[in-house]
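Have a look at the structure below before the remarks.
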């Protein structure tokens with residue numbers, strides 16, 4: 001049934017879709033920045049907001065962008081490089097997109113100026129004027145930074161167009177190591193958007209072709225589609241590494257279940273355990289496809305979530321099988337396996353469903369995290385059902401093979417030792433088995449000790465880890481672990497940089513690196529929007545507005561207008577009507593200030609009086625764009641100021657959509673999952689046999705999560721969407737591995753603590769070790785994937801596995817030998833009455849028919 005269900009649902013991959021909106025996945029779903037963007041869009045249409053192209057002022061839309069620099073740090077404003085840049089600009093504007101019946105050029109899809117000509121970057125005009133000045137041997141032409149003047153008198157901001165700038169006195173530019181050009185495109189309908197997308201692709205090809213013919217300069221192209229393409233590229237570059245991972249896990253799972261005894265070896269169960277996990281993952285993927293879900297690169301983590309949980313459950317069942325008596329019927333042995341292992345597996349599965357279920361709830365504000373948790377819940381649920389049915393049935397089949405003394409791989413009957421003596425050595429090696437009649441009662445329980453891991457734990461490791469001389473070193477090592485974890489924990493930083501989720505050798509990474517290197521002197525351009533009618537003519541209001549924007553580089557109609565009035569020796573404190581009339585009829589009619597008309601919205605009242613109902617100005621902070629926290633602090637400062645100021649304003653930049661409440665949005669799934677896990681552990685304490693199990697489990701989870709957060713910070717992993725999902729998984733992975741170990745120890749009676757620690761390791765240590773080895777081997781190829789997303793995934797999952805293993809095999813075995821619960825020997829209650837003991841003896845006839853005879857003894 002599981003195989004059929006998986007095949008049927010797997011057929012839904014014909015409806016496979018990919019999520020293309022990175023903002024939808026990674027920007028907080030509910031944020032003030034999105035509300036502010038809607039308000040800005042309603043006041044100032046998008047096309048108009050890009051008139052001066054300072055940066056993406058409202059919404060990115062469609063665009064092509066390129067950074068031009070030199071390998072030798074040459075001056076990009078010298079004659080040679082100026083000519084090359086203008087030549088590149090000419091090549092870009094000649095790009096054609098062929099469609100049936102028409103060829104679209106940049107002129108057909110560009111954003112138009114008021115005079116119906118294409119808007120281009122002001123730096124292009126600067127370079128053209130610089131070239132003209134050189135042609136006419138004029139030496140008085142100067143470029144200032146970050147604001148310069150064109151020959152028509154306009155002030156233009158060039159802080160994001162000139163990079164690596166060296167200045168003379170009075171901000172005059174001496175040299176610039178990089179220049180950035182941007183070409184904005186229209187996307188007003190589906191056809192227009194399709195043409196613009198194709199133009200972006202040809203734009204990158206054109207830039208790369210130009211690069212090949214001019215090898216002394218280096219170019220970094222980037223488009224509005226680059227981030228989306230590079231985000232999904234992780235899935236494509238990961239394919240062969242994931243296949244390698246699968247092959248390694250299959251190989252090791254088979255080896256972990258194998259032993260020299262060809263009857264008791266269970267190699268098929270190793271393979272079928274992995275197949276169980278695969279079928280559950282395929283079923284979940286099919287359900288997501290059928291319900292309209294879309295794939296994204298964060299789903300690469302789901303197979304590893306399933307691998308850790310599913311393989312441990314199957315190995316635990318196999319470990320329980322080894323503890324059953326060989327002279328029992330297969331049904332009785334299977335019943336004992338389910339009774340021994342499925343209770344803990346059911347409880348840990350419930351914990352997975354609760355923690356990931358909370359992450360999949362509407363409380364999660366990051367869509368990528370919510371979808372990941374939802375898919376994980378579905379996969380884990382089906383994994384539980386398939387372990388009960390598919391793997392349980394497989395265990396029964398291999399049980400019958402074992403009881404009939406058939407070879408574990410070839411399923412043929414294994415001959416008796418006397419028959420094997422006549423065969424060649426290689427034949428005897430392949431069919432080595434111990435028959436029950438060859439062993440006495442004292443050896444009956446030791447038939448599985450030939451398994452390497454069982455033998456290692458029982459004979460060596462358990463005695464070594466509980467040795468009195470080893471314990472102090474383990475405790476000391478734990479204190480060192482806590483110290484380094486604390487050091488890392490105090491340096492935790494939230495990561496909202498989108499380059500952390502894309503493949504490495506991509507345009508996004510190269511462009512972002514170049515931008516941070518050359519254009520990090522100033523922050524992104526921040527729109528300052530006044531959305532109410534204020535008394536602009538009032539000198540106190542003028543002072544307030546200038547005070548709010550103090551410390552910024554201002555590109556403002558308001559400041560320019562006040563300076564304009566001062567130059568005319570007119571008081572800035574004009575009456576309202578004179579102030580407005582002067583603004584409309586004089587200031588905005590002047591060619592050098594005409595472009596400011598796009599920043600002011602006028603409204604006529606019933607008495608024909610004109611009022612300014614909304615306006616905007618642009619601010620640039622002198623800050624390091626590489627430090628995201630600095631930009632986030634700037635946003636929060638301006639937000640607080642807008643709540644207390646007399647003037648009602650908002651601030652906006654498209655990057656705010658990703659940063660706004662990012663820290664709380666990313667941390668919320670982890671916080672909610674931790675709370676739900678503690679809640680479940682607290683209330684289940686009243687249901688379990690001893691509440692100390694839950695106390696120890698809570699402390700262990702806290703220790704593991706604390707260590708993982710600290711060490712991942714030291715390993716340069718930020719707290720972003722991917723790492724938080726891994727931390728949620730870490731809660732469950734720790735409970736998966738530690739709960740059976742703690743349960744066996746806490747519930748054990750009559751013997752010493754050391755004896756019960758050894759017993760717990762012998763019973764559950766093999767399953768933990770097997771699943772850990774398979775998990776680590778599966779993770780190793782992930783480290784080689786050329787992607788920042790998989791790098792974060794590998795580092796977090798590796799730390800979770802390593803730290804949990806350290807707790808299971810070192811910390812807990814040592815600490816439990818001298819901390820509660822105590823193991824006082826209880827005196828047996830003497831019962832004076834004679835008890836009737838019934839002993840069942842199985843007798844097997846020649847036809848292998850089992851007959852039970854009851855022998856009663858007193």
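In case you wondered, yes, glycine gets a Cβ from its N, Cα and C as well.
Per TrEMBL, the features are as follows:
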{"type": "DOMAIN", "residues": "238-397", "note": "domain 'SSD'"}
{"type": "TRANSMEM", "residues": "241-259", "note": "transmembrane segment"}
{"type": "TRANSMEM", "residues": "271-291", "note": "transmembrane segment"}
{"type": "TRANSMEM", "residues": "297-315", "note": "transmembrane segment"}
{"type": "TRANSMEM", "residues": "335-356", "note": "transmembrane segment"}
{"type": "TRANSMEM", "residues": "469-490", "note": "transmembrane segment"}
{"type": "TRANSMEM", "residues": "670-688", "note": "transmembrane segment"}
{"type": "TRANSMEM", "residues": "695-715", "note": "transmembrane segment"}
{"type": "TRANSMEM", "residues": "727-748", "note": "transmembrane segment"}
{"type": "TRANSMEM", "residues": "760-785", "note": "transmembrane segment"}
{"type": "TRANSMEM", "residues": "797-819", "note": "transmembrane segment"}
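Residues 301, 304, 308, 461, 465-466, 470-471, 474-475, 477-478, 481, 696, 700, 703-704, 707-708, 711-712, 715, 726-727, 729-730, 733-734, 737-738, 741-742, 745, 753-754, 756-757, 760-761, 765, 768-769, 772, 775-776, 779, 782-783 of the same chain sit 6 or more residues outside the transmembrane segment (797-819) yet have a Cβ under 8 Å from a Cβ within it. Under 8 Å from some Cβ of the transmembrane segment (297-315) lie the Cβ atoms of residues 25, 231-232, 234-235, 238, 242, 249, 253, 256-257, 269, 272-274, 276-277, 280-281, 284, 341, 345, 348-349, 352, 368, 371-372, 375-376, 379-380, 383, 387, 391, 501, 721-722, 725-726, 729, 732-733, 736-737, 766-768, 770-771, 774-775, 778-779, 782, 787, 789-790, 793, 797, 801, all in the same chain and six or more residues away from its ends.
Beyond its flanks by at least six residues, the transmembrane segment (727-748) meets 301, 305, 308-309, 312, 316, 344, 347-348, 351-352, 355-356, 359, 373, 376, 669-670, 673-674, 677, 688-690, 692-693, 696-697, 700-701, 704-705, 708-709, 755-757, 759-761, 763-765, 767-768, 771-772, 796-797, 800-801, 804-805, 807-808, 812, 816, 821, 823 of its own chain at Cβ-Cβ distances under 8 Å. Same-chain residues lying 6 or more positions outside the transmembrane segment (695-715) and placing a CB less than 8 Å from one of its CB atoms are 481-482, 484-489, 491-493, 674, 677-678, 681, 685, 723, 727, 730-731, 734-735, 738-739, 742, 746, 795-796, 799-800, 803-804, 807, 811-812, 816.
When Cβ-Cβ distances below 8 Å are used as the criterion, the transmembrane segment (241-259) is approached by residues 265-271, 273-274, 300, 303, 307, 311, 315, 318, 448, 450-453, 770, 773-774, 777-782, 784-785 of the same chain, each at least six residues removed from its ends. Mean predicted confidence for the domain 'SSD' (238-397): the pLDDT average there is 90.
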